[in-house]
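What TrEMBL annotates here:
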- A:1-11: compositional bias 'Pro residues' (COMPBIAS)
- A:12-24: compositional bias 'Low complexity' (COMPBIAS)
- A:144-155: compositional bias 'Polar residues' (COMPBIAS)
- A:296-309: compositional bias 'Basic and acidic residues' (COMPBIAS)
- A:31-96: domain 'E2F/DP family winged-helix DNA-binding' (DOMAIN)
- A:167-247: domain 'E2F/DP family winged-helix DNA-binding' (DOMAIN)
- A:1-29: region 'Disordered' (REGION)
- A:142-167: region 'Disordered' (REGION)
- A:273-310: region 'Disordered' (REGION)
Amino acid sequence: MAAPPPPPPAPAQSSAPAPTGPSARNHGYSRKQKSLGLLCSNFLGLYNRDGVTSIGLDDAASRLGVERRRIYDIVNVLESVGVLARKAKNQYSWKGFKAIPNALQELREEGLRENICNFDGNEDPKASLGLQISDDEDDVERCGSQQTENSSPNLNIKPMNPKSDNRREKSLALLTQNFVKLFVCSTVEMISLDEAAKLLLGDAHNASVMRTKVRRIYDIANVLSSMNLIEKTHTSDTRKPAFKWLGLRGKEEVPQETKKRAFGTDITNVSSKRGKVDSSIGGKLDGQKQKGLVGEADRSNLEDSKDGSKSYQFGPFAPVTIARAGTGSTRKVHDWEKLTSTYRPQYQNQALKDLFSHYTEAWKTWYSEVAGKNPIRIS
DNA sequence: ACCTCCCGCCATCGC
DNA sequence: GCGATGGCGGGAGGT
């Protein structure tokens, strides 16, 4: 792989238990520091900048201090929404957030074509959602097995043979796309976890299958929420976990970071083993209040952005402040059609770049401090 | 006790 | 045969 930057005592991919140096401190280990969402935020912070066109998985893994397996996870969902495109083995090309609108548009069209949509939040979704969500096991009857295959340019994973199609069918990427279609193709703004699970799996006749899929949904949701495409919440009534679509608009309300898990508010996934904390790195991070690199930069930029009197709309990273636009209580924010056409153009504006450069600057600063004085090098 | 979801084993794929 | 991918679910942290 590339010259491994000295920083993170490289958590061995999956080798020996890497005896965490001097007895791990007290700032005990916390899963939050290793969430997929956080990892994704860091990943984006690392690569979302000018000049980055190609991303090497090994490079990403070592920079982020995680094993490849985790990189595959985020890369798969990022690819599903167009941010990345597989180029070759170990190589992905960075498309950036500006590619999201198109990707979503395509997913939408695809979904409409497949007749996935139009279910109303309240009704029994399964009925209307014609998702090609065959449940495994007896799924052999994959519908069309290719629907996803022939459209989206970068949403796709190569054309596979019918056999591997089976695998593809259960892939995180497909699940992600279908999950997104749920929102993009309908007018619902919020979908509860189990609703989503059912929609994406058909009625889980099998509890274990369901549990597994739910795990996947959590995975997906974590990265999507780190991009602010969705927000984790819970149904007002039942309090059941749910996901709110933020899509290309902003949020209208600050997602209280105080919530259980505030993705993108902490930095790094440095240590590796569960139950361990890299004393050196972890400690420093701790001390430096690695907080908010992403989340905050994000938010603060919102400020900067408002200055950006330039009429530009924020995308996934929409500043909370700005997003307040339609404070209407009952906004069924889903004029997708309008949104896409409206946002697409603006997406490629300078302001967005500024926002991210600021954002990455913060990361860089932290990185060089914590990780050792070495500047970041993008492959 | 239930919810979340990290972790890494191991089946597959592609060469 | 081998490295790259990534499905999958055990089980531990979080609430």
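Here the Cβ of each residue, glycine as well, is placed from N, Cα and C on the backbone.
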Helix, strand and coil totals (DSSP H, G, I; E, B; other) for the domain 'E2F/DP family winged-helix DNA-binding' (A:31-96): 37 helix, 12 strand, 17 coil
For the domain 'E2F/DP family winged-helix DNA-binding' (A:167-247), residues assigned helix / strand / coil by DSSP: 45 helix, 13 strand, 23 coil
